[in-house]
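To keep things clear, I will list the structure first and then write my remarks on it.
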Amino acid sequence: MIRRLLKGAKGYEAASIFTLLLVLFETALEVILPMFMSYILNTLQLFANGEVMKDALTYLDWSNGQIVTIAANSFTLVTENILKNTVLTYGVLMIISAVLSLSAGAVAGRLCAVAGAGFSKNMRSYLFAKIQDFSFSNVDKFSTASLVTRSTTDVNNAQQSFMMLIRTVIRAPAMMIFSFVMAFIRHPDMAWVFLVAVPLLGVVMFALSTKVYPLFRYMLKKYDKMNADVQENLVAIRVVKAFVREDYEEEKYRNSTEEVRKAQLKAEKLLVLMNPLTNCIVYGTIATLLIIGGTDIANGKIESGTLTAMMSYCTQILISVMLICFIAVQMVMSRASIDRIYEVLETEPDIKDGPGTQTVADGSIKFDHVNFSYSNNKDNLTLEDINLDIASGETVGIVGGTGDGKSSLAQLIPRFYDVLSGSVIVGGEDVRNYSLFNLREGVSMVLQKNVLFSGTIRENLLWGNKDATQEQIEEACKAACAHDFIMSFPDGYETDLGQGGVNVSGGQKQRLCIARALLKKPKIMILDDSTSAVDTATDAQIRAGLKKLDKNMTTIIIAQRISSVEGCDKIVVLDDGKINAVGTHEQLLKTCKIYQEVYHSQQKGTVEGGEN
């Protein structure tokens, strides 16, 4: 886990290392303060009682600047001069140590914040870059909501762990070790108490952490489900309101949040045991020290300053143990998040670049005995034994019922998915031999769901070709029947679309997406039900515009309306993932029963609609 966290610190190594060093320096200074204080208190007690020195003592004689050392058991009487010099020496040392400790802590805190922010930026960048490499099937596997949670909530949890790692995780054990050492130096007979208390607490913490970890993973999965419900509701908010389903959506979300609450409560039930168990060990340790120390003071073995120092070290050790307990809880929570982050980062994309460097030569397409399944299961095929030849420059229509595999067939061409068996050949080359960049540069696809981004119309269109001139932009928009409505806006091509293109209608979105795809000047253009929101007259104009713009471009039109494909060079009829028939509109009307039924049902609907 620590190795995984450190990977995110790239570029911020200096800030992380200096944080560690400053924390160690700060901790060492804090631990030495009780020692200085005990020297002052012991000397005061001996002077007040008129007793002789038992322990060794070193101080600065401020009258002559010399360092004086009194040996242990020298039976030196504590004079006013010794007391004054001891208080001054160790008082000044305490002030210097406190100031240096405070300064080191402040600088360490700032550097820790810098390293933590850099870690968060790196991890989000790594995740985002990895997701960009994912195929559709990779995204389907994780789900969009889960990827969002991993890039936000999980990264935040990991960031907290990283900041703990370079500060608190080092500070707590360091303080505990330093305090152990100082306690043994001051009074070995009392220090053994810590050797019992700390391992006991360690066993308790390990047992609880082991039990809690799987519960937190389960809780994060419930968070994924809750986020998915929110995302689905926001995307479909217009549908929700149109069908007056707000109450249903609220109930669904309440159920999701209730599942999160139950999962969190299940984990917290174990975590609440930490405080009482920790308190038992803490108070037991303090009581034991007081009994031993009080007895030794009564017997004249130690002075009160030594007991005070031991109590300070006890406090420091137990605070360290409490911090370690807190860190353990956070690390358990974060470990689940870190595992989820690296589950994404260590996933290999299903679709990788082919070995070739060639570009797409022309728009010819061949499906050779293609079988395809989203689950990669030969017993659950989406497309079965597809054989189809499309010449460069042809316009081909694909029709069929819902779920017959029309979009699946088209998505194999730009290699959004890979075939289970057989091959897809584009431009005379198997698509698996192309680099993904070269293949997709030669293919434009307008998907069923029209996606526009925040920004102006021009900025969205330039996704197709960032170097396109205004003349080329207008030419593509005219072919897609988009130029006129764009110019009707006061700002024309500089009109802001809003997030997701909320400022334009569904039909306008479709035409902008088609224009954007045309700007690529592709060898192959795929329209996946991309004119469903426009009227038949505009649909016909768009098809004519496409052919006029580039006669050598292969065009594949997936449509529900027969009117959208009847002018194609050939039409492919899909039925349950298989090719039922291939031919022209006239041929299919004579030979294909499925095509006849669809055509006549639509003609009947058109006539009835006209009569109404």
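Note: Cβ is positioned from N, Cα and C throughout, glycine not excepted.
TrEMBL entries are annotated by machine, without manual review.
Long-range Cβ contacts of the transmembrane segment (12-37) within its own chain (Cβ-Cβ under 8 Å, at least 6 residues beyond either end) map to 90, 93-94, 97-98, 100-101, 104-105, 107-108, 111-112, 114-115, 118-119, 122, 166-167, 170-171, 174-175, 178-179, 182, 185-186, 305, 308-309, 312-313, 316. According to TrEMBL, the transmembrane segment annotation covers 12-37 (among others).
The domain 'ABC transmembrane type-1' annotation in TrEMBL covers 17-333.
The feature transmembrane segment is assigned by TrEMBL to 87-120 (among others). Non-local neighbours of the transmembrane segment (87-120) in the same chain are 5, 8-9, 11-12, 15-16, 18-19, 22-23, 25-26, 29-30, 32-33, 36-37, 39-40, 43-44, 59-60, 62, 155-156, 158-159, 162-163, 166-167; each lies 6+ residues outside the stretch with a CB under 8 Å from one of its CB atoms.
Sequence annotations record features per position, and here TrEMBL assigns transmembrane segment to 168-185 (among others).
The feature transmembrane segment is assigned by TrEMBL to 191-216 (among others).
Long-range contacts of the transmembrane segment (270-293) within the same chain, counting only residues at least 6 positions beyond its ends with a Cβ under 8 Å from a Cβ of the stretch, are 189-190, 193-194, 197, 200-201, 204-205, 208, 211-212, 215, 302, 306-307, 310-311, 314, 318, 321-322, 325, 329. Residues or ranges marked as transmembrane segment in TrEMBL: 270-293 (among others).
Feature annotation from TrEMBL assigns transmembrane segment to 313-333 (among others).
The domain 'ABC transporter' annotation in TrEMBL covers 365-601.
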> Over the domain 'ABC transporter' (365-601), what does the predicted model average in pLDDT?
Replying inline: 89
>> How about long-range neighbours of the transmembrane segment (313-333): same chain, 6 or more residues beyond its ends, C-beta under 8 Å?
In response: 1, 30-31, 34, 157, 160-161, 164, 168-169, 171-173, 175-176, 179-180, 182-183, 186, 193-194, 197-198, 201, 205, 208-209, 212-213, 216, 271, 274, 278, 281-282, 285-286, 289
